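The structure under discussion appears below in the form of structure tokens.
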Amino acid sequence: MSWESGAGPGLGSQGMDLVWSAWYGKCVKGKGSLPLSAHGIVVAWLSRAEWDQVTVYLFCDDHKLQRYALNRITVWRSRSGNELPLAVASTADLIRCKLLDVTGGLGTDELRLLYGMALVRFVNLISERKTKFAKVPLKCLAQEVNIPDWIVDLRHELTHKKMPHINDCRRGCYFVLDWLQKTYWCRQLENSLRETWELEEFREGIEEEDQEEDKNIVVDDITEQKPEPQDDGKSTESDVKADGDSKGSEEVDSHCKKALSHKELYERARELLVSYEEEQFTVLEKFRYLPKAIKAWNNPSPRVECVLAELKGVTCENREAVLDAFLDDGFLVPTFEQLAALQIEYEDGQTEVQRGEGTDPKSHKNVDLNDVLVPKPFSQFWQPLLRGLHSQNFTQALLERMLSELPALGISGIRPTYILRWTVELIVANTKTGRNARRFSAGQWEARRGWRLFNCSASLDWPRMVESCLGSPCWASPQLLRIIFKAMGQGLPDEEQEKLLRICSIYTQSGENSLVQEGSEASPIGKSPYTLDSLYWSVKPASSSFGSEAKAQQQEEQGSVNDVKEEEKEEKEVLPDQVEEEEENDDQEEEEEDEDDEDDEEEDRMEVGPFSTGQESPTAENARLLAQKRGALQGSAWQVSSEDVRWDTFPLGRMPGQTEDPAELMLENYDTMYLLDQPVLEQRLEPSTCKTDTLGLSCGVGSGNCSNSSSSNFEGLLWSQGQLHGLKTGLQLF
């Protein structure tokens with residue numbers, strides 16, 4: 001154990017004499033000694049330098065230094081027992097989990113258990129003291145110390161529900177470590193100087209007359225005395241610490257300066273964004289007409305130019321601070337007051353839930369990201385600033401940050417809605433005009449062609465974007481991944497893209513709508529790819545060109561004149577599609593020969609594409625299939641239900657409204673018949689022979705006599721005709 005005096009270093013052997021003399025009320029010198037509270041408290045670390053060194057080593061990137069810091073904390077734990085600070089213990093547990101995860105050797109299940117135990121202990125330890133005497137919700141206690149609700153929800157899932165995914169555990173670990181670093185470890189370094197001042201003021205109040213002399217004595221005892229080595233192991237350990245003291249102090253200073261610099265730059269970035277908003281809304285109030293204000297925004301004022309220049313400087317120093325400020329509520333994520341001022345009606349894309357038409361928690365799967373874009377007035381509001389900051393590095397970092405935030409957000413709400421919209425908007429805006437832009441939907445293409453958020457698109461690192469999207473899975477990941485594939489073009493083969501989409505859809509449990517091919521019709525009966533109907537729809541496009549001819553031949557054989565006339569009409573409707581396909585092929589060949597006219601030809605094709613009407617509508621095809629199924633079941637006890645049932649909510653083998661009674665699916669009216677009363681078939685009238693079953697039992701059918709040579713080869717019972725007749729008389733068929 002060591003004696004720690006505020007922020008000063010630890011005392012040596014003679015310094016410990018002062019401790020014991022103060023403990024027993026004795027005085028080493030002739031002067032009156034200081035009380036115990038004036039000197040400090042007994043701690044587990046040797047000196048302030050060791051504490052600072054462990055602080056730096058815990059949060060560095062070197063695994064060896066992190067293990068050394070964990071070993072020092074283990075020593076502290078053995079010295080102090082249960083008196084080790086809770087923040088230190090929680091930090092050590094989380095760092096140890098992180099090291100085991102990075103170094104490998106453990107499976108996913110083991111890592112989830114380790115992360116889960118560390119996170120549960122963290123939440124329990126910070127709330128244990130306040131929940132002993134009064135029942136206070138954990139979320140209320142967490143909000144008091146700036147811990148988000150999703151950490152408490154993660155702890156609840158780890159304790160009471162299904163174990164969350166390993167990525168959620170990692171995300172929680174990284175957040176808690178960052179919270180501990182900012183809230184506890186950095187504050188210990190900031191408060192060291194203040195503790196020294198308080199200790200000196202306390203000494204001045206006790207000994208006013210001999211202030212200078214006592215101060216010199218204490219300084220001499222602290223600085224000149226050194227701990228005496230007791231054994232070789234301890235001396236080696238002290239040498240290692242002494243060598244790392246100077247290096248640790250420098251790293252601590254640089255780390256604290258970096259943290260303070262990030263905070264200052266973040267506050268400065270927020271101030272600049274607020275100034276920008278004030279200037280933009282001033283223009284809106286001046287014109288009091290949104291179209292005129294938008295025209296004025298296109299010509300930035302000198303104040304906006306000044307804000308943009310300063311914000312570029314802050315971005316060069318610390319880009320992360322600017323991104324943090326941009327994604328705060330009130331900036332790229334608007335408030336309801338800002339939307340009302342811009343005459344924008346808030347919609348989160350989940351109209352089904354908002355209108356009360358459905359309460360299924362999976363209704364977000366019905367959201368089509370092809371129609372999700374930032375409202376034009378709001379994007380034009382931020383266009384001057386985003387256009388000025390637009391670069392490959394900044395836009396790439398902004399997109400990756402928004403993708404990483406989506407899993408932690410909810411399904412509905414203004415924040416997830418606008419982060420999702422900005423993500424799609426930036427991807428579409430940075431797609432170069434050409435074959436890639438042709439793949440977007442009509443709404444996205446219109447937004448891309450009608451006005452441009454940026455003067456020119458940046459060459460983003462699309463494979464890295466794919467990794468970011470897959471690394472932060474959420475309900476919208478399959479559709480976002482599809483949009484990224486459209487933007488990157490032929491960066492990945494189509495087969496690889498389809499595999500990634502299927503894996504992502506299965507992982508996020510959103511495989512119902514996400515795997516429908518572009519330009520193809522969805523299955524009208526349950527949109528799952530694992531039914532016979534989906535197999536029929538997947539095979540239909542390949543044979544659609546021959547479908548009309550096959551139908552015509554069948555109808556000619558039947559001699560139906562009316563059906564032939566209807567088929568001729570359908571063939572006339574199909575012909576324009578074939579002509580359009582040939583024209584598109586000719587246009588593609590001309591594009592390869594002349595690349596200068598590529599954009600105009602693609603725009604023409606994008607405008608013509610949505611108006612093709614050659615394919616049969618899903619409603620008519622659905623009615624035709626239902627008619628076929630009803631005809632096949634006509635006369636039976638089963639019928640095709642016309643109700644819209646969500647079969648994905650029912651287990652396999654269960655029906656809507658079915659109870660636990662096994663006899664519920666039995667038919668009300670049915671006839672029974674004995675086995676001997678069933679109709680006699682011609683096969684039964686044929687002369688029977690001796691047959692041997694798979695168990696080696698030979699039986700006689702008809703006369704009941706078997707040859708001795710065949711029966712002698714097998715062992716077992718011989719069933720006689722009378723015994724078989726007795727068995728048949730007791731069986732009933734229904």
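The backbone N, Cα and C atoms fix where each Cβ goes, and this holds for glycine too.
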| note | In Swiss-Prot, the SUMO2 cross-link annotation, restricted to LYS132, LYS161, LYS215, LYS551, falls on LYS215
| According to Swiss-Prot, which residue out of SER33, SER379, SER441 bears the annotation phosphoserine? | SER441
| field | In Swiss-Prot, the member of SER514, SER560, SER688, SER712 to which phosphoserine is assigned | value | SER560
| Of the residues SER528, SER617, the one that Swiss-Prot lists under phosphoserine | SER617
| query | Between LYS226, LYS540, which does Swiss-Prot record as SUMO2 cross-link? | reply | LYS226
| Tally of helix, strand and coil residues over the region 'Interaction with NOL9' (636-655) according to DSSP? | 3 helix, 0 strand, 17 coil
